[in-house]
């Protein structure tokens, strides 16, 4: 008999159906027993009165996979308003006996190590699946928004020949007897591809050999990258970022999270003005966490916005490929998007002229040679361009209020953890 | 002035507009000059009569990025039926002088090394952009089909702690002073996630330290992975694969490629029957390339189909996690999809009981210990499940008839190549 999902039970009242899933919970009362079945759509209640079936159920622990055929009866007290009665139960997996956690509790009582060591089980808790269903929906919204705006999705290599973007914190690889590295970002490739498609995006892993063991660093994370050509300045990039955020959040409704609203116009502050509002030393070259918090409060108070753009960060503190403000300014066309007082996304207009790259690298006292491949691209005709990158896990952690980024990562990788 | 795309030129006849893009070609005739501009939408013709503008154009080589403001005039001989006249040209990049290839020729005359060494330029040729626009559309079709069928997209780690799936051909990594590896596939993770979401897919890089330098191997490729639970047998997986292929090809129309039609029912042969039809030795444990070619011809002749399923490959030749046919058969529930006589996709029903895994690993004479993390998942209640993986580049190479997989990879990685 064709399986139906739990959510379809009520619409089959009076009929014999088959459902299948995991035994979420058993309640073995004196006169009757209840089995709560969990499938990808939700929960279904099964009423067991036959002593033989009850005896069978007693041997099938929570998380055993079963298929159950029975008669659907309306019952306002059951999840979805119907329950399955007169069940015949077939076990599809071996009986499960020793679970590391109780999945039927409303909240999952487990320490972070337990959560991660037993991910195969703990990820099944509805509070956990909701996080990853949300993540998938956010990525879908990201792509849909950009597809509709004429962007092309690209797939660029994660094994790279040189570690130019930031020499530190890069994973080294034995590549057929030579040294190679894991890409820290698709930065140079997405810029190159602006020369091909004008507007590109990539969703892929990025790797940082991050030696600090904090609640917000991962050695491997998912980077949502955007780059677009023919811009006037960073404002065009910020406009795209706003659209992308709105598209992501619109796509992510319905998973039980209280998501923020992206205003039609996200307020924008220049870095110098932001320092003033935060009451920071005007000579500062970056915003301290306390400054960001103060700015978050200001944006909410003055503009009713959870989001705030800060643009014009000092060139000295941004990546070498960041475009400066014109006229010899020490400020750049780099920006950050703050969400409730925390940095969420970084972006910028990039340099697009070969000579500007050579000058920028020389100004930092770096050698040109390691950048040769990359710089060659800018001798082939590149338009003014810019972009941004969203770290998915950090974004999700802030949206759902997770205190540790590992809680919103399926199988996190860090200084200490490379399994499961 | 707001830029318009080349495709919008004709609808602006009689008006002053701005276009922007790359100088695709210059034709400096005696009395006039023509500039063909390329943007992401196509080509636009610009008529230059002013001697000063012509002198300017003479200094701007092909691939220089320009912005051009002028008057649109209908001209049936121009691409799109209109051209830009009385142009004012502003260079947005430095002038480009020494191109490695001529991009304005209908076909790109370049050896494979030139194509790859100068990817930043050669990828701009319309014959090349078409391949990667097709690739993006195929992936979009893959995701859309699965999203609509209740699948959840997952993102699993590419750095893994053990090299269990296939000890050979794995890249080794210095992971904070320990050894780790690059994932050859998300196989174990997608199976684990069937326990969470029932139906999952992943689009991500996979890595093989493939020491053979052939036209169809890459060290890094994009793997489109699907896994689903609550199946009867491999036929349920094959049904999903057919739907996915149809969705991918439907999404990939319009890029100038003659794509095959996926029949409503792809013919299916059992492995034993396939050997007979191919005239091979009945004791063979796999299909030789000549057998696959013969089967491709058979499918076209007998069923008018470019596609053919072969199921029931001998268990001995498939991955240890492949489910055998019942009753002690030496055949498995593994299948291949052949496309015009070439293997395109592999899939199978997998084992889902812990004891079956232990037995299967022991039967191969392998130790259980390296698989411990993975096997633990099967003690936690796993439904019958199966899936498949499509290697994007190999799939695209066959669709477009590329003789070398590197031609359909943006920045290929192989035994000899790790740049650009």
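In case you wondered, yes, glycine gets a Cβ from its N, Cα and C as well.
TrEMBL does not curate its annotations; it predicts them automatically.
Between the candidates B:265, B:273, B:343, TrEMBL assigns the ATP site shared with B:208, B:209, B:210, B:216, B:217, B:218, B:391, B:392, B:393, B:394 to B:343. Check TrEMBL against the ranges B:183-186, B:187-190, B:191-194, B:195-198 and you find region 'Aspartate' recorded for B:187-190. For the recorded site, residue B:346 (L-aspartate binding site), the DSSP three-state label reads strand. For the binding-site residues B:210, B:343, the largest tally of other C-beta atoms within 10 A is found at B:210. Contacts of residue B:346 (L-aspartate binding site) defined by a Cβ separation under 8 A and a same-chain sequence distance of 6+ are given as B:334, B:335, B:336, B:337, B:388, B:389, in order along the sequence.
Residue B:392 (ATP binding site) and residue B:79 (site 'Important for tRNA non-discrimination') are 33 Å apart (CA-CA, integer value). Of all the binding-site residues listed (B:208, B:350, B:394), B:350 sits in the most crowded Cβ setting, with the most other Cβ atoms within 10 Å. Between residue B:394 (ATP binding site) and residue B:350 (L-aspartate binding site), the C-alpha separation comes to 24 Å. Checking the binding-site residues (B:217, B:343, B:392) against residue B:208 (L-aspartate binding site) with a 10 Å Cα-Cα cut-off leaves B:217.
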